[in-house]
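Structure record follows, encoded as structure tokens.
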Amino acid sequence: MELPVLIAKGLIILVIFGITLLIATYSTYAERKVAAFLQDRIGPNRAGPWGLLQPIADAGKMFFKEDFIPSQASKWLFILGPCLAMLTALMSSAVIPFGDSIRFSWDNVNYNVNLQPIEINIGVLYIFGVVSLGVYGIMVGGWASNNKFSLLGAIRAASQNISYEIALGLSLIAILMMTGSLSLRAIIDEQASFFEWNIFTQPLGFVIFLTCAFAECNRTPFDLPECETELVGGYHTEYSSMKLGFYLFAEYINMFVSSAFISALYFGGFHYPFMDLVNGSLENSLGAVAGHNVATAIGFAVFFAKILFFIFFFMWVRWTLPRFRYDQLMNLGWKTFIPLSILNVVVTGAGLLYDFKYSTWLIATVMIVLAVMSMARAPKRQVVPQ
Amino acid sequence: MQLTNRSKQVSNKEMTLAEKMYLPAVISGLAITIRHFFRKKPTIQYPEVKKYLGPVYRGHHVLKRDEQGRERCTACGLCAVACPAEAISMVAAERQKGEEHLYREEKYAAVYEVNMVRCIFCGLCEEACPKQAVYLRHDRMVPVFQERDEFVYGKDKLVEKMDDRYIRPANSEVKATPTEPSLTRAAT
């Protein structure tokens, strides 16, 4: 790789890393604020204007809390747990294409650098590999605590993550079949025109993927690893101070990565409607290079708007839905989502065979019709006055 | 026994397919919460914004002066007798020559103390007072204190200033200003 490209890449990595951490940090603030607003409260507003310094205050508190390691815990594994969780969360953001490309010239040579920290053509596979490693952070943490309840929590978390990963992968396979590539950039480029966004071609796959992404992030309604009614803290019961902070922070980074992943896979990534027109007019008015760069910047902003919306959506769901029971969770994962995603793959394959992209709408339509019929046939529930 | 008319019969009926799919219920739930997101918040930012609590609210004690600035209290002790919490104590003294502009009658309270830890703000003292000298202000709360030597309020904190006289509105629709800067911390 030539030097200018290397420098540009380094800058891109720095910027994206910084934005990732910033968004993850402020997600904690946003979560409290969104929670408050959804519950007709106001939320943090003391530290700084509108409470904007709250994450910093929280971090300060985390740092000054007692850093406690149980005497019977295996010390190094205990420290390794949160590091693993954080590491895997951060690693998975490396292959997401955050924008089109930046053009610049250096010594009269033109360069075109993609806005993507690492360009590998197996991006989806990489993310799945790294995300599945995330279970180790939880398992190691729960195991090293040398606390039976933590271990139980860790086992629950692991079994949940693994069972939802299967459906997550299977629902994605339909997209991979349609694109014919494992590269995230290829998947995004496939969705260049608005009605070819995968949300329109894969409605069922999207619902499955979204739900499984919630479960993978351990977010409500699937936050059983740390379900306080049954577990008192779950796998991180023994953790305190910044080590606990790492676990919680990793959750927010996971949420960011999932949001990026959802918007890249189903909502066209950095594409937006009438993008061609905007790009064309920009390149006409500003010149090819500057116009392209501005268009890239707009795409970057659009992508982040989508990500922020999904982060908001994660919070919105968290403060709406009650938690699943553990057996319901397992039933949903194994008995509902895995068969449904296999069905989705089969129907998508059949559609591809006959060159019909919107084939999975068939399943969706059939399900809606069945549901309406069942509603019409079901006897009205009687409310008996006492 | 029926307490409300909102109770519903619990039903274990099997769910229909639409209910089993969860999604309609999930979406309607999300719609409900997002409506709350944009709703006006009922929260009052307490230390900065204070709600008017009405003319009958019983707050900070005040020892009234009359129009000429003379203290009305004659140290009769009826307030102390009426006080169920025994928070009020006083020492009476005789008015000397030349002090007529300070005290309204021959006897006055040299020391008048309200123990704010004991006071329950029942308002019996103001009912007992024959001279209309003690009142519980409707527009001012007793500020928070942290130190032990702050909780006995002497005449320095109780006797009203002539430029800040306390008037309780006879008409309940009159609203006194509910916020005051002095409320945040005890002026020591």
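Glycine residues also receive a Cβ, built from the backbone N, Cα and C atoms like all the rest.
Curation plays no part in TrEMBL annotations; they are all automatic predictions.
Positions annotated as transmembrane segment by TrEMBL: A:6-29 (among others).
Listed by sequence, the residues of this chain that lie at least six past the ends of the transmembrane segment (A:76-98) yet keep a Cβ under 8 A from its Cβ atoms are 16-17, 20, 69-70, 114-120, 123, 126-127, 130-131, 133-134, 136-138, 140-145, 184-185, 188, 238-239, 243-244, 246-247, 249-251, 253-254, 256-257, 260-261, 264, 269-270, 300, 303-304. The transmembrane segment annotation in TrEMBL covers A:76-98 (among others).
According to TrEMBL, the transmembrane segment annotation covers A:118-145 (among others).
Annotation comment: TrEMBL describes A:166-188 (among others) as transmembrane segment. Long-range contacts of the transmembrane segment (A:166-188) within its own chain (CB-CB distance under 8 A, at least 6 residues past either end) are made by residues 95-97, 114, 116, 119-125, 127-128, 198, 201-202, 204-206, 208-209, 212-213, 216, 264-265, 268-271, 333, 337-338, 340-342, 344-345, 348-349, 352, 357, 360.
Within its own chain, the transmembrane segment (A:252-274) is flanked in space by residues 20-21, 23-25, 27-28, 31, 86, 89-90, 92-93, 96-100, 127, 131, 134, 172, 175, 184, 187-188, 191-192, 194, 197-199, 202, 205-206, 209-210, 213, 216-219, 296, 298-300, 302-303, 306-311, 313-314, which lie at least six positions past its ends and keep a Cβ under 8 Å from the stretch. For A:252-274 (among others), the entry in TrEMBL reads transmembrane segment.
The transmembrane segment feature in TrEMBL is assigned to A:294-317 (among others).
The transmembrane segment annotation in TrEMBL covers A:337-354 (among others). With a threshold of 8 Å between CB atoms, the same-chain residues lying at least 6 positions outside the transmembrane segment (A:337-354) that come near it are 164, 166-167, 170-171, 173-174, 177-178, 202, 204-205, 208, 211-212, 360, 362-363.
Per TrEMBL, transmembrane segment is recorded for A:360-378 (among others).
Counting same-chain residues at least six beyond the ends of the transmembrane segment (A:360-378), those with a Cβ under 8 angstroms from any Cβ of the stretch are 174, 201-205, 343-344, 347-348, 351.
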